[in-house]
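In TrEMBL this protein carries:
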- Lys123, Gln186, Gly217, Asp248, Lys391: UTP binding site (BINDING)
- His218: substrate binding site (BINDING)
Amino acid sequence: MSLTVADLALGVMTEFQEKLRQQHQESMHQELQKLVSSADPKEQEISRKDLDGFEKLFHRFLQVKGPAIDWAKISGPPEDSIQPYERIRSKGLPGDIAAALDRLVVVKLNGGLGTSMGCKGPKSLISVRSENTFLDLTVQQIEHLNKTYNTDVPLVLMNSFNTDEDTKKILQKYSHHRVKIHTFNQSRYPRINKESLLPIAKTMGPGGDGEAWYPPGHGDIYASFSNSGLLDQLLDQGKEYIFVSNIDNLGATVDLFILQHLMSQPQDRRCEFIMEVTDKTRADVKGGTLIEYEERLRLLEIAQVPKSHVDEFKSVSKFKIFNTNNLWISLPAIKRVQEANALDLEIIVNPKTLDGGLNVIQLETAVGAAIKSFKNALGVNVPRSRFLPVKTTSDLLLVMSNLYSLDAGSLTMSQRREFRTTPHVKLGSSFTKVQEYLKRFENIPDMLELDHLTVSGDVTFGKNVSLKGTVIIIANHGDRIDIPAGAMLENKIVSGNLRILDH
């Protein structure tokens, strides 16, 4: 068989692409060296570690040819790789709860800002219930565990350069609580120009270059935890597992049954990674799911799905569960995979347009994607109550209402609600910002018997309003609806104009 011109052209193209790749790699290396040399001498070591991590990620980004996932190779997870929570629960509690808890560390992902809810500063400092912030509730939960079982479960916060300073100021208020709190910072990576594939940052300094940097997703936890020295410190203290979750997931409390499952495995068959998953509803179609791929359990995120298969990915019938991002991970195993450089996390390319119109890309990774690198990894299908994230003011309305009761920092659904499902709440754009939202409710309505609430336009709620069944309130542009104090709306559509004025 002879080579055709087309074959040669392909060969030349590949060679050309290879040269281009090397060129991008070298240009990036030079730019990163310049950035490191511009760093404050006190920060130089941290900056070097950050940029070394980024360079490895960028190198892998250049190596990826074609789609990261071959859709034909995807199959549902093997049956025994996802255990129902009831089976885990049936094994009972640890014989010695205190001893089991003494080997646990709680880690909260605390890198996000409250900007999407119109708040300045870290999201964890937004008040969510009875003047308590996400951080207050977390501290109360762990303090309650430590007091109840006379243990010493520490709290570790993974901050970002966006949240670190504000969080550290607040931590002083917990100095008399029975919780040891540690913090470490996730890496600070440079955004890259979409066209030139070079960093847009000119110096490492925090000056006017704020838009030039980003925290690279929670998959960075393995490297930054290790680099901070905290991983070794906790291992020296005899800690064995971390329970990781998003700080805005109010359902992510320490579960003693899952802890017992981990601790009861023989040493040579230790489960190194548990991902809590839960049944998908129409509200969760974008959530990552567990699949089997090349004979390994893997996390599949929507960003990795070829466009032609996105609808299939969102289908509730094919992919029935999604990742809650509540994860239980072995500390010795993290140390092993980090030292062996064995974490091959899929890269999520996140395109952004900056205020000035410049198109940049952020290279990110997800913490759950590491599941394929750990031994005896398992999914546990947990009740929906373990996934209670507050991403919007619609979520905030639910957790502030009488649907939930608060006890020692933990929210549980009220016994007085007949159906254990959460109502579907959709508040319009007038409610997006927390401050605006709070002004529109004199107090939070009674929602014990609510199934569905949609509110759109300029709407306010008086005191002691009760909402039941399906309630839809729509004030058209230029109209305003004031729901009067004491009103009871059951299966009602309210539209038009309703003003209540002081006499």
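Positions of Cβ are set from backbone N, Cα and C atoms, glycine also.
Bear in mind that the values here come from a model prediction, so they are computed numbers and not experimental data.
Using a 10 Å radius centred on the Cβ of Lys391 (UTP binding site) and all shown protein chains, the other Cβ atoms total 14.
Across Lys123, Gln186, Gly217, Asp248, Lys391, which the record gives as binding UTP, the greatest C-alpha separation is 21 Å. Rounded to a whole value, the Cα-Cα separation of Lys391 (UTP binding site) and the residue listed as 'substrate binding site' is 17 Å. His218 (substrate binding site) is 8 Å away from Gln186 (UTP binding site) when you measure Cα to Cα. Cα separation, Asp248 (UTP binding site) to His218 (substrate binding site), rounded: 14 Å.
Taking all protein chains in view, 28 other C-beta atoms sit within 10 angstroms of the C-beta of Gln186 (UTP binding site). Annotation for Gly217 (UTP binding site): same-chain Cβ neighbours under 8 Å, separated by at least 6 residues, are Ile348, Glu364, Thr365, Ala366. Taking a C-beta cut-off of under 8 Å and a sequence gap of six or more, Lys123 (UTP binding site) has these contacts in its own chain: Gly112, Leu113, Gly114, Met117, Phe134, Thr163, Ile247, Asp248. For His218 (substrate binding site), the same-chain residues that are 6 or more apart in sequence and have a Cβ closer than 8 Å to its Cβ are Leu109, Gly111, Met158, Gln186, Asn325, Thr365, Ala366, Val367.
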